[in-house]
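> According to TrEMBL:
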- Ser67: active site, phosphoserine intermediate (ACT_SITE)
- Ser67, Asp281, Asp283, Asp285: Mg(2+) binding site (BINDING)
- Glu376, Ala377, Asn378, Arg501, Pro502, Ser503, Gly504, Thr505, Arg510: substrate binding site (BINDING)
- 60-100: domain 'Alpha-D-phosphohexomutase alpha/beta/alpha' (DOMAIN)
- 107-177: domain 'Alpha-D-phosphohexomutase alpha/beta/alpha' (DOMAIN)
- 191-288: domain 'Phosphoacetylglucosamine mutase AMG1' (DOMAIN)
- 302-440: domain 'Phosphoacetylglucosamine mutase AMG1' (DOMAIN)
- 456-526: domain 'Alpha-D-phosphohexomutase C-terminal' (DOMAIN)
Amino acid sequence: MATVNVNNLNALSDLHKKPDANFTYGTAGFRMKAELLDSVIFRTGILAALRSKKLDGKVIGCMITASHNPAEDNGVKLVDPMGEMLEGSWEAHATALSNAESNEHLIDYIHSMVSSLKIDLTKPANVVFGRDTRPSGESLVAALADGLKVLDATVTDYGILTTPQLHYITRCLNTAGTPEAYGEPTAEGYYKKLAAAFKVLVEGKTKLSALTLDCANGVGAPKFKEFLPHLDDALSVKIVNDDVDNPSKLNLNSGADFVKTQQRGPIGLKMAPQERYASFDGDADRLVYYYQDDDNTFKLLDGDKIAGLAAMYIIDLVKAAGIDSISVGVVQTAYANGASTQYLRNSLNVPVSCVSTGVKHLHHEALKYDVGVYFEANGHGTVLFSPSALKTIHSTEGSNPAQAVAARSLRALSEVINQTVGDAFSDLLLVETILTQRQWTPKVWDQAYTDLPNRLVKVVVKDRSIFKTVDAERKLVEPAGIQDAIDAIVLKFRDGRSFVRPSGTEDVVRVYAEAATRPETDELAYRIGGLVFDYNSNGSGTRPREFL
Ligand code: NG1
Ligand code: ZN
C-alpha cells in the first residue's frame, strides 16, 4: 500500500500550524474569522486530494468564501464531481483532519482514511479552486495550494469567481466528452451558456424597465459586469453596491441577507414605486427581489416568492407543451412562510416537501421529482431537471406551434438554471424570464399570496447542543417538556406557528414565529424566545428585555 510522504507533509504542515481552536465542517463548510483558517484550509487541500483519489481522479472543487458573512470572516467548501456539495459522510473527515493536534495525528488520520475508505494513493488527484473578493482569500489560496502539494494533486486556480461558477466549472470538467457534457469549463463558457438560453426565453417579448441590482460589494459585481455584454442588451440592469476595492464594505448594509433579515432595502438605495430591485449575497448564490409599493411600503420577494413564481411558470409550460406527465414538486424548509406553502399546495396543487435547514437536504429531496424546485426563504435555491425529464423535454416537438414553443422554452429553462447549486445569476435570469414572458410588474408577482407576518429571533444560550429536533426541525424532543410548552403558547395565536432549532452556523438558538398580524407575531416570537432562554440560561446572562 502506498503511504504519504511524511517528510513532505511535515515540512508543509509546519508552515500551517493549527491554532488552539476547535473546528467543524458544517452546512456552510468551514467558516470563521479568516485569521484562524490557515491550517484548516491547508488540511482541506489534503482532504480534496484524498477525495479526488478516492473517486479515481475525478475533479474536486474548492471554494474559498464566507458568503454573506462580514469581510473579516472567510471559509472553505468542497464541491463534489457533479458540482454538488461534498458528500455528507466526508464532512466528519474534514472536521477530524482540521482538529488533528500534531503532524503525527494528521498523518495517522490520513492513513486511517486511506485504509478504511480504501483510497488508492497511486491514483491521480485533480482539484480546482476559486475564491471570492475577500482580501484574506489570497493567502488562504496559498495555504490550500500547499495542502494540495502533500499528495501531489494537479491543480488549477480559477482566481476570483462566484461560488456557483466554481460548481459549474467542476461539473463541466467531469462531464467533458460524455453525453452529460455540461458546458465549457470557464467563466466565459458559463456566461455564454446562460446568455444563449436567456435570449431564447425572452425572444420577441417587450423588454422590461431596468432592474436595479445590489451586489453587496462582493464578487457578484465584477462578474455580473463581465456577464452583461453576453446578453446583447436583452436585459437592462443598473448595478449598485459594486465597490470591491473597499473590502470592509462587503455585505455591509446591503446584500440579500441584509435585505431579508432587516426587511428593508440596502442603506442608501433610493427606491421608486413599482420598480424592480434585487440583491445578491457576497458570493452570489443567494438572490432576493423587492419593490416599493405606491404607499411607500417595502415589499420583499424572497426565496419563497421565487419558488412560487418558478413553480407556477414551469407547471404552465409543462401543460402547454403537452407533457404534463412530468411531475413538478417544491422543496422548502420550516422557515418557508406558511402562506407560501398554502399557495403551492392549494392554488398550484403541487406537492411540497419540508426538509431540514441546509441546501444539501433540499437538493437531495428535489432529486425525487422530475422537476424539483427548491428554495430556502433566504433566497438560496434552484430548479433540478431529472435525466428522464430532460429526455422528455428534448424529444418533444409538440403537435402544434404553441406546444413547440413551450417545449423550446422548457429546454432553454433547463440550460439557464444552474443544475449544480443555487445560483443568483441563474435565478435572476429565471425571474426576469417569467416577468418578461408575462409582462408582470413585481406587484403582480407579489399578488400570488400575502406573506404571514414573521419574525426570526436569536437566543443566546449556555449550551445550544441540548436542543434536539425531529420532524424536519419543526419539533423539539429535548429538553423534555419544552415542546409542550411551545405548543400551548402557539395555540393562543391566530394562524400561529413557531419552531425552535439550534443554528448550524452560529452559536445561537433560532426562534421562528408567524401569526395573523405583526403585533401577534412579535408577541409569539418573544414569548417563545423567553421560554427558550429560561430553559437554558442556568441563571447566567441577562434575559433579553424584549422576551415577554
Ligand atoms: P443556520 O445558522 O443553521 O440557521 C443558516 C441559514 C440556512 C443556511 C445556512 C448556510 C436561516 C434561518 N438559516 O443556517 O438557511 O443558508 O445558514 O449558510 O436562514
Ligand atoms: Zn452565499
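Cβ coordinates are placed from backbone N, Cα and C, and glycine is handled just like the others.
Remember, predicted model here, so these are calculated numbers, not experimental data.
Looking at the shown structure, what environment does each listed feature sit in?
All protein chains included, Ser67 (active site, phosphoserine intermediate) registers 28 other Cβ atoms within 10 Å of its own Cβ.
For Pro502 (substrate binding site), the same-chain residues 6+ apart in sequence whose C-beta sits under 8 angstroms from its C-beta are Arg464, Ser465, Phe467, Thr469, Val508, Val509, Arg510.
Away from its own ends, the domain 'Alpha-D-phosphohexomutase alpha/beta/alpha' (60-100) comes close to residues 18, 22-26, 28-34, 37, 39-41, 43-52, 106, 108-110, 113, 125-132, 134-137, 140-141, 144, 161, 163, 166-171, 174-175, 182, 216, 219, 247-252, 255-258, 281-283, 285-286, 359-360, 363, 419-421 of its chain (Cβ-Cβ under 8 Å, at least six residues beyond either end).
Summed and averaged per residue, pLDDT over the domain 'Alpha-D-phosphohexomutase C-terminal' (456-526) gives 95.
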> From the Cα of Ser67 (active site, phosphoserine intermediate) across to the Cα of Gly504 (substrate binding site), what is the distance in angstrom?
15
> By a simple count, how many Cβ atoms lie within 10 Å of the Cβ of Asp283 (Mg(2+) binding site), its own Cβ left out?
33
> Would you kindly check 107-177, 191-288, 456-526 and say which stretch has the most C-beta pairs under 8 angstroms to the domain 'Phosphoacetylglucosamine mutase AMG1' (302-440)?
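Selected stretch: 191-288, with the most Cβ pairs under 8 Å.
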> Sort the residues of the domain 'Phosphoacetylglucosamine mutase AMG1' (191-288) into helix, strand and coil with DSSP and give the three counts.
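The composition, in the requested order, is 35 helix, 15 strand, 48 coil.
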> Within the domain 'Alpha-D-phosphohexomutase alpha/beta/alpha' (107-177), how many residues are helix, strand or coil going by DSSP?
37 helix, 13 strand, 21 coil
